[in-house]
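Lifted from TrEMBL, the feature list:
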type	residues	note
ACT_SITE	228	active site, nucleophile
ACT_SITE	366	active site, proton donor
ACT_SITE	418	active site, proton acceptor
DOMAIN	54-158	domain 'Epoxide hydrolase N-terminal'
SIGNAL	1-39	signal peptide
């Protein structure tokens, strides 16, 4: 999650809070991807000295890197147990130890790796960086192209479960009229995308890169979807309103009135006169702002997180401590009560960060950010919003209508949280279909 400005005296950059490794990758663009599903036309056009061609991509972690990962997990020096019976001091020792044991002895990275490589992956050079993306064209005629943007501590992993339902709806309870062709990029500094080597890769620049990506793929009419950082990026795409972008869907919209957002962040009393839904959202956001230590650190001193590149267990603990609801759900899963995410799901994402050594490069996005996250940004194109109950805050319809004057869909779901597509892929897919139904 992202958020706030210098006048709040938290960081030298805009604060970004709660929404969001050695690999066998030769220089990005390596190893050739063999999937035949999506052959694209290469071009010789140049931008800043680089070709705009779209290159197939395939990833295979080295066996030695996976062995070294297990060795480091088993060599972890553990801290003392927390002094409380809950998670108020952070990730509980028993929880992270159980996850680490599973990681070192039972977890198999090759399972998710094969799933990633089973869909078409590509690399293209945009604005000085190699950007990785998954591109799955639907078999259905008239499928709507849809860019899907992940956040932190997420990645393309959190969107893998919805590829089938969205691109092949007839096999997942939908109709051919519900079909999408998906473009799922890895954000700069995340996963298989190149890491920025100069400052300046903020959400506005990422939005520009994603607009260029859809243009480069030849899409003249498309939608965009996002959660966490992805919701900021698609909001900013919508503010720019490029030709072809027909609307956006957000599962974590920025709809808080700016003055209220700033007051909540400063810990000031909530104004009177709020409706029940508005009061609930304000209380949830106030609580969120009490649990954003990780985001303040990344927003102010990301390079000091060097230890995350050295300790896989340290990385895992840091990533688990994102928001209380997600942590509680993951902790229950680690204890054997899976509900939405399994321990392997969680480790798929953490292991991707480890193998690509992107803990620090991804954290720098918080330092780069100059946009508010939860406050209104001025979107006028069509917007669809899905509210999941265990999100950082449940966006009230009143604020959502004010923030998005062209609101075409609003729905409150019975279950699901911050990682909605990952936790509840069926509900999420139904919401995306409903959100774009009137815009096709």
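Note: Cβ is positioned from N, Cα and C throughout, glycine not excepted.
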Can you tell me the three-state DSSP label for residue 366 (active site, proton donor)?
helix
Looking only at C-alpha atoms, tell me how far residue 228 (active site, nucleophile) is from the residue listed as 'active site, proton acceptor', rounded to the nearest Å.
8
DSSP says what for the domain 'Epoxide hydrolase N-terminal' (54-158): how many helix, strand, coil residues?
37 helix, 23 strand, 45 coil
Note down the number of other Cβ atoms within 10 Å of the Cβ of the residue listed as 'active site, proton donor', including every protein chain shown.
27
What is the separation, in Å, between the Cα atoms of the residue listed as 'active site, proton donor' and residue 418 (active site, proton acceptor)?
18
Would you mind giving the whole-number mean pLDDT across the domain 'Epoxide hydrolase N-terminal' (54-158)?
99
